[in-house]
Amino acid sequence: MKSFDDLQTQHIPIVLIVLGAVILIISFFGCCGAIRESYCMSMTYAFFLLVLLICQLVLIAYVWTNKQEISRKLEKAVDIAWEERARAGTNANAMDALQIGLKCCARRNFIEYGISIPSSCCQDQNCSNPTNIYIHGCKTALVNLWDSNGDIIKFAGLGIAAVELIGFIFACCLANNIRNYKRRADY
């Protein structure tokens, strides 16, 4: 990752478009398999759901076992955003967005800015009052956000995986019923 802004502007929309296309294809097989009563399409839908379920469980297991590594990566992301801001003439949108969203200032604390504290480090646009300045650093704020919400993310992922498992089971049952119905119709 060369710069924090490159990650935000290029990779995230591409990933979202690809995920949307995958979901559209999976949904197409499920709907068409049920409407046309097609065994092959229903089993294809079940297969895609199983692959999606396995990928999601692998991702949940990774998040569950590598909580500290993810925290280090978040800290590194803050460092990259800080370095981008420190370079002369570069855009500071990433660091400003972190500071506004997390109500933090700089990497470790507001002292890193010296006397020229940006307005994104303040509760209002006027930083002349020292009590309006966010005193905590963005590294700490981002890691604390991850620590407090990491379990919610993991359990929500498990809940979604359970729904996918139920969908997989129903898709297999539908495909089996379609196959049995067509076999009985032949006799």
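Counting starts with 1 at the first residue shown.
Quick reminder: no glycine exception, Cβ is built from N, Cα and C everywhere.
These come from TrEMBL:
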- 12-33: transmembrane segment (TRANSMEM)
- 45-64: transmembrane segment (TRANSMEM)
- CYS104-CYS138: disulfide bond (DISULFID)
- CYS105-CYS122: disulfide bond (DISULFID)
- 152-175: transmembrane segment (TRANSMEM)
Have a look at the disulfide-bonded residues (CYS104, CYS105, CYS122, CYS138) and report the one with the fewest Cβ neighbours inside 10 Å.
CYS122
Hey, does DSSP put CYS104 (disulfide bond) in a helix, a strand, or just coil?
coil
Long-range environment of the transmembrane segment (152-175) - Cβ separation under 8 angstroms, sequence gap at least 6:
30, 33-34, 39, 42-43, 45-46, 49-50, 52-53, 56-57, 59-60, 63-64
In Å, rounded, how far does the Cα of CYS122 (disulfide bond) sit from the Cα of CYS104 (disulfide bond)?
9
